[in-house]
């Protein structure tokens with residue numbers, strides 16, 4: 001009986017899992033380690049990497065390389081620790097498939113369950129809205145090239161993207177996205193190589209912009225830009241749904257997540273460094289927060305062949321659909337847990353009708369906010385700084401220390417504690433810099449505008 005005791009204190013025991021439609025349908029555990037790698041890559045490697053040359057603009061070559069490398073190592077370490085905690089719970093007979101359940105079980109706090117739900121929902125819904133907004137912008141860019149004075153506005157394209165997302169949202173489970181996410185992995189490599197080629201072409205052409213790699217002259221401005229850049233890197237590496245991705249693995253999941261992380265970080269190594277180096281080399285401290293805008297200046301000709309930039313935008317558009325789907329899975333799992341009947345088939349009328357209605361309403365909600373708030377990037381900066389830091393840089397270390405209880409004199413204890421302290425500070429400074437940008441840009445904000453605020 002002693003071995004069963006933890007299950008009595010665990011508010012989320014395995015024996016309730018058969019009645020849990022969120023677990024049975026959305027987070028079904030059938031995947032292999034490479035499927036987890038596809039999901040992780042889609043969650044981390046997206047069009048946000050086009051901001052990396054801008055990040056280097058605030059840090060310079062040396063500090064840029066150091067911060068990018070350190071952030072990559074810290075996030076890999078963080079996600080690996082989280083997978084170890086999940087493996088440990090699984091071996092103890094408590095396989096957790098949700099971040100909120102893992103946090104509440106290990107930390108023994110009911111409020112932690114709701115804290116994680118709140119932060120995760122804010123981050124995931126924010127990314128879903130941002131993906132629809134950026135996909136709409138991609139369509140608008142293509143349309144404006146073909147018909148410069150056409151009548152269609154940004155919100156028309158957002159409506160088109162929303163309709164496509166409603167159809168795609170009917171994939172019943174996270175596992176059923178594995179082929180889409182494999183395509184997403186190749187799309188991310190594709191648009192990165194196209195953008196890198198475009199930057200090299202721009203940097204070597206006769207219209208090449210003058211390159212200046214100097215940082216800002218004021219010490220205060222330089223420090224502020226550096227912390228903004230660091231918080232952008234933290235958000236780019238952010239994930240926040242690793243337990244839900246590990247939940248898609250067929251049991252036993254032990255050791256599989258490390259292989260998935262290795263696959264994901266191989267893609268990160270190629271994409272992040274190539275985009276950073278080529279973009280900052282070509283444009284220096286004139287690099288835009290979206291390097292495509294540097295390649296397609298408002299005045300003068302494009303600095304790369306139009307077909308290259310057009311194809312890159314198409315690849316980005318297609319990948320944004322996959323990103324929107326991945327970050328919607330937690331919302332769909334919560335809906336399914338509360339609305340579906342696990343004892344009936346996944347496509348039975350009893351489960352299909354509520355799924356269609358609820359997911360359509362959720363995607364419509366995200367699409368409406370994307371159209372209404374084209375300055376959502378600024379809001380997302382705040383959400384990212386406040387949300388990703390606790391989910392990816394604090395909780396994994398805390399969960400590891402609470403689960404494995406390393407000695408307080410051990411290197412791993414102090415390393416984990418140091419990461420928590422440092423990134424708590426980075427999160428606060430990132431939140432401050434994002435709020436400052438929100439206030440500075442406030443006079444440009446206009447509801448249902450056809451222009452996105454940078």
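The backbone N, Cα and C atoms fix where each Cβ goes, and this holds for glycine too.
As the structure is a computational prediction, the values presented were derived from the model and not from experiment.
Sequence annotations record features per position, and here TrEMBL assigns domain 'Amino acid transporter transmembrane' to 30-437.
Residues or ranges marked as transmembrane segment in TrEMBL: 62-86 (among others).
Residues or ranges marked as transmembrane segment by TrEMBL: 106-134 (among others). If one looks beyond the transmembrane segment (106-134) by at least 6 residues along the same chain, the residues whose Cβ comes under 8 Å of a Cβ in the stretch are 11, 47, 85, 89, 99-100, 158, 161-162, 165, 238, 240-241, 316, 320-321, 323-324, 327-328, 330-331, 334, 363, 366-367, 369-370, 373-374, 376-377, 379-380, 383-384, 386-388, 390-391, 395, 398-399, 402-403, 452.
Look at TrEMBL and you will find 154-171 (among others) tagged as transmembrane segment.
The feature transmembrane segment is assigned by TrEMBL to 183-203 (among others).
Taken from TrEMBL, the feature transmembrane segment applies to 223-242 (among others).
TrEMBL lists 263-283 (among others) with the feature transmembrane segment.
If you look at the transmembrane segment (303-327), the same-chain residues 6 or more away from its ends with a CB under 8 A from one of its CBs are 39, 42-43, 46-47, 123-124, 127-128, 131-132, 134-135, 138-139, 141-142, 145, 161, 164-165, 168-169, 171, 174, 177, 180-181, 183-184, 187-188, 190-191, 194-195, 197-199, 201-202, 205, 207-209, 241, 292, 294-297, 366. Per TrEMBL, transmembrane segment is recorded for 303-327 (among others).
The annotation transmembrane segment is assigned in TrEMBL to 356-376 (among others).
Long-range contacts of the transmembrane segment (382-400) within the same chain: residues 74-75, 78-79, 81-82, 84-85, 99, 102-103, 106-107, 116, 119-120, 122-123, 126, 231, 234-235, 237-240, 406, 416-417, 419-420, 423-424, 426-427, 430-431, 433-435, 438, each at least 6 residues beyond the stretch ends and with a Cβ under 8 Å from a Cβ of the stretch. Look at TrEMBL and you will find 382-400 (among others) tagged as transmembrane segment.
Remote same-chain residues near the transmembrane segment (412-432) are listed as 74, 77-78, 81, 227-228, 230-231, 234-235, 381-382, 384-386, 389-390, 393-394, 397-398, 400-401, 406 (criterion: CB distance under 8 Å, separation of at least six residues from the stretch ends). Marked as transmembrane segment by TrEMBL: 412-432 (among others).
Residues 38, 41-42, 45-47, 49-50, 53, 209, 211, 267, 270-271, 274-275, 278-279, 281-283, 291-292, 294-295, 303-305, 308-309, 311-312, 315-316, 318-319, 322-323 of the same chain lie 6+ residues outside the transmembrane segment (183-203) yet bring a C-beta within less than 8 angstroms of a C-beta in it.
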